[in-house]
Each structure stands twice: as structure tokens, then as C-alpha cells.
């Protein structure tokens, strides 16, 4: 709730003393490699700043990680090698997109299972009900409603 | 004196709420109209006292009475008046007071305008409202009293967090709260219906306007917060999939589903059980949001008041209302008879699909937010961030958007999918043409982006098609069309605007994320940056003194093809009291696109780090929600939807045969 205002409280505490996320001096000369580095940075968490990627964060640790990513890319690592390297060092926590594993299976499978299961169940139920025929009768009227109905009807009878 | 009066008013409000919690229910049991009517008076009196309490706190802030801890911690005598007022809810205690004030406001509105509700339903609804209110009054009085005094009052306050000293704080939290708390009404109606064991189409007609009001405010509140983050935080992001943002998105998703299922219930008397469940879940998610932000259980950029006592207290409230609500539901739901039948391919079926997709999307967000917590209990730390949601949430919404144009064009009970598809042919073609154009224009790049833009166009064109068909534009003479357009129910217009808003927002999101250009460099005076066809020349750096801050301003001359367009002045402000600083990005709007400049650190040699973005069509991201909210307001102004509206039509209704 009150995202921004809260936002902002912590952001200030965490982030403001430093400057920006990616600094001019970090950028790699090869634009292809730089864009790979930016892509990877967006998938990596800055561990001291809670829920930010290292691409967004201003914390010194995020800068170290960004440089590390670029170092690995410069050394010729593939994207998955870079990620493996960082996970080996900092644990799964560093990945903003958790890997598909035994413990995260429920997380990843939730959407497709719910969608398929829910869709199937709904389809069957609607079809069954549609076939089963007549509408269920409306609930009976309460005594007050009966009285009101009677009054209205007699009203009607009088006026017509 | 004012602080004590405010405190006392709050205690009185609690006492009133306790009376309102019990007496009307006894009245309903005994069929005693006088006892049931107590709810009306107490709800209005509660509004009066909470209002007084809130005004007391505002007065304390405006007067800079630093003998009150809350004012001392969040205000400063030199602060501009507007921020003295908005600072009231820029902190935990004050924002809780705003929360209960809005709760009392909604309770008061039901009491004042609920005259045509059956007496016992109104009594039940207001009693349930009072339970919620009592719990939160107790919470404030026991753990978060904003009126606490300091024994030795300091001379000066500690100032409000600088980032909050922005007009965004004046608008965003109140809007968001009107949304969150507004859903308490549908919750109370649902609980009341379960307690009474009676629910019918009329119930849905009473609930829908309240849900719509809450939904409109929540939509605007989220959009507003997103724009505020975009311009204030200085890196141009507008949505971070942060747990606290998710906490506001979940009630929105559930609330959107609720709006649509209540429609089915009102029109066709079907989906009763589901609508009741959604009403309970939507408010539960609002409460969960309150808990998540204030308990400190989640790691979030937005960590707010992280006090374990408060967390435990809110958790108790949460368990009580969610657990209680769901148990009542489990016990009573089976006694609610299902109504109208429909074929799977029908308007009802389309709305069920809408509910399925929105619910799954909501479940994904809920799971993504809470999963890391659960894993932590198993000693495994994982993160769930934007890349996860892009892979799970986005496809669900794509499916939903694909189905959106079909819904309103489908007939009730039994629809004709093939027929609707034919009628949507033009919209589909428009979408495909858009795909082709974007594909050709942006050769290379993401393959998904053109498809997504085509989808957005399809949704907008679908909404237009619906209106065109209903008014007979193209087929009929213009005068007839005009007449029919005027006669068209406002809710039909509302649907079209809200649905088109979805398409607009989607196009904005895709353009901003795909074709955003960025320039990061250290610049000296007279350096020129070239971004997306614009030339930005750094004219110089200046110092300026503000009311409670000093700022360094960089002046950029913006030109395109040699012609000067404008001057942009991003700045960095340092606030002396808190020793912190903010970046004030400069924005230049060109159509729906924006240039965005923000400053980094200055070096000793007189150069400065700058980030310049060109964000194509970025404003459409927020125009979309504004359109949706506008659609909601149109729908709300529809006479058929307003509570108490049927009166003029009564004479006619009387003659209609029973259904």
C-alpha cells in the first residue's frame, strides 16, 4: 500500500548519497557487449538494496556487481556462465528471476496450472449446468416482501 | 489542547464504533427498527468525531506544534504550507488516521445515502463496517497514536522526508486509500448478505456503484503513484514489481474481477457465490497490503514503519477479518442458490473468462510476493522480480486483452462467437496492419513488440467497433446516429472508454520499454548530447536557495535540427535539516513522448554526470488508466446504476410481468 510515499522513505536512506545507476565510466566500448551487460544487470538483484536490480541501483555493491558482470563478459563468458558465476558466489538470492528447480516449481507452475485447471473446471460446470435444463427457482419471498407485493398488487388493481 | 481534543475525539469514535458493532445486530435479530437505525446515527457521528480528530492533527501540523512527537518528527517550521498539510499522512501514524477517516467517510455515506436499502441489510452492513473501524481505532490508539506529546518540546522539527515534499503526496495516498478502503463496503455487503442468508440481483445493484467508486480511485491512485515515482526517483522507471506496489495491484486485479462478476450477478442473477467470495477477497487483499507495508516482513524498497508490535497487531486484524470472512463464506455459501443459466459461449461466459484470467494474474502476483517469504522459512533465499513477472503476468494479460473486445459484443445467455468474430474483422485488420507497419518501421529489435502494439490497436479498435455498432454509425443517417448515441446507456460508453484505456496503456508500455533511448555521460559546459534526434547543450550550472533546501541547477538548451525548442533545468536539491538530497528530473513533453534529464554527481573540474532519456509515447502509460477511470465515472453516472435511481421508472416497472 502507499507505495511511493513509503517508497521513497527507504530509497532516500539507501540510495541518494550516491549518483545514478550505470555510471559513465562503467560503460563498455563494445555496444553489443554493453547491451548484454545491461540485459544481465536487469536480472540481477542488488543484495543490499532490497528489491532493486543492479541496473537500477546506486549502491556501491551494485556498482561492484555491474563491473564484475562486465569483467566476465570481457573475459568471454556466455550469459549463462556469468549468471552461474554470480550464483556460485552470492547464492540464488542474486537472481531476480528464480531458476526452475524443485523448490521454485510451485511458483513457476502456478499460473499455467491454475489457468488450465480453472478453465477446465469452469467449462465443464457451465456446460453441465446449461444442459441440466431449467433455471433454479428464485428464493421464496419473505413475509415483508409478500406484504409489499400484496399492497402493490391491490394498488395496481385500484388504479386500473 | 488541540492534541488532547484530537485524541479524545478518536476515543469517542471508538466508543461509537463499538456501539455500532453490536446494537444494530441485536435490532436485526429482534426486528426492532429503532435499534437498527442506531447504526445510521452512530455512523454519522463517527464520521464527525474522526473528522474532528483528523482536522486536529492537520491543525497541529500547520501550526508547527513541535510538542507533538508526530509533528516534530515530520515537519519543519520553514516548510511550505502545502507540505505541512500533506505531511500529515506522510508518516505511519498520520496515514493510519487518514485510513480510518476514509473508512468513516464511506460508512457515513452508506448511512446518509442508503435510505433505499432494506433496513436490516443496512444495519448489518454498517455493523460490519464498525467492526473494521473498531479494530483500526484500537490499532491506532494502542500502537500508533499520532497525538503523543514530547515532555521537553524542541524548537525545530526534523522536517519531512524531502522526496515526499512533492505534490504527489497530496494526491496519491488519499486516492489510494479511497480505493483500498472503498472495497470495505463491498466486503461489508458480502458479510451482511452471508449473515442474513439472502442475496439477489438487487444486492449486486447496491454493491456495484460502491465497488466502482473504489475501483476508480484505486486506478487513479496507482497511476498517479507510478507517475510520481517516474519523475521523482530520477531513473525513469515507473513500475518495479516491488512487493509494496504489488500490494496495491492485487486489490486492483481482484476489484476489476469483482466489477465484472457483479455485472453478471446484477443482470443475470448468476455467479452469486463467486461474487461474494471476490468481495471478501478484494478487501482481504487491501488489508494484506496494509500489513505488508507496515510489518516489515517483506524486503522492499518501500519499507515503511517496520515495527514488530504493529506488524503483529495488524496480522491479528488480518487473520480475524480474512479468516472470519472466509469461514462465514464456507459455512453459508452452499445455501446461496445459483441463478440464471448460460452457455459457455455467451456474455456471461466471457465475463467468467475475464474473472478467471484476472484471478490467475492476481494469484501470480500474490505468489510472487509471498513465495520468497515462504522459502525463507525453509532457509532458502530467493528473489522474485520484474523478469519473473514479465514471463508469467504479461502472457496472462495478453490473453485477457485478446478477449476484451469480444466480451461486450457477445449476447447474454447464448452468444455467437463466429458472428462476433466477423463483426470484429475490421478491428482485427487494424491490429494486423499496425503489426505490419511497426514491423517494417522497427526492423530488428524485439519481435514481440510489434505484436503487442497490434494487440493494443485491436483492443482500442474493438472498443470503437462496439460503439459504432450500437449507434449505427456508417449504416444509418447522421441524425439517427446522434440520437442513438445520446440514448446509449452511459455504462456502454463507460465500457468502451475503459477497455480502450487498456489498449492505450499497453501501447505506451511497449513503446517505452522497447524504444527507450538513453544517454549516460559526464558533461562539461557547452557539451552537446545527441538523443533520439534532439540536441541537448549544457549551458551551465547554477546554485539557488530554496525555502528549505539549496539546489544545483543544470541548464540544457534543447534543439532539434538547429531550432531551439526549449530549456530544461534538472536539479539536485540538498536539504540541510535531514542532510539528504533529491534529484529533480526535468521533463519535456512532446506529444505523448518525453525527454527526461536527471543529474548525477558533479566532479571537481566542473563537469557533471547526466542521464538523458527519450521515452517514446511514455505518457500513454498513464493516459490509459485515466481513460479507464473516466469510463468508470461514466458508468457510475448511469442512472440505472445509481442507488435509488429506479424511482422515476417505477410506474412502468409495475406493469412488467414477473421474470
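Keep in mind that glycine also has a Cβ here, set from the backbone N, Cα and C atoms.
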Could you tell me which of the ranges B:125-144, B:145-164 is annotated in TrEMBL as transmembrane segment?
B:125-144
Pick from B:597-616, B:617-636: which range does TrEMBL record as transmembrane segment?
B:617-636
Tell me which of B:96-113, B:294-311 corresponds to the transmembrane segment entry in TrEMBL.
B:96-113
Could you tell me what the rest of the chain brings near the transmembrane segment (B:42-62), counting residues at least six beyond its ends with Cβ under 8 Å?
2-3, 5-7, 9-10, 12-13, 16-17, 19-20, 23, 68, 70-71, 74-75, 81, 84-85, 87-88, 94, 97-98, 100-101, 104-105, 107-108, 110-112, 126, 129-130, 133, 146-147
On the 0 to 100 pLDDT scale, where does the domain 'Cytochrome c-type biogenesis protein CcmF C-terminal' (B:315-639) sit on average?
90
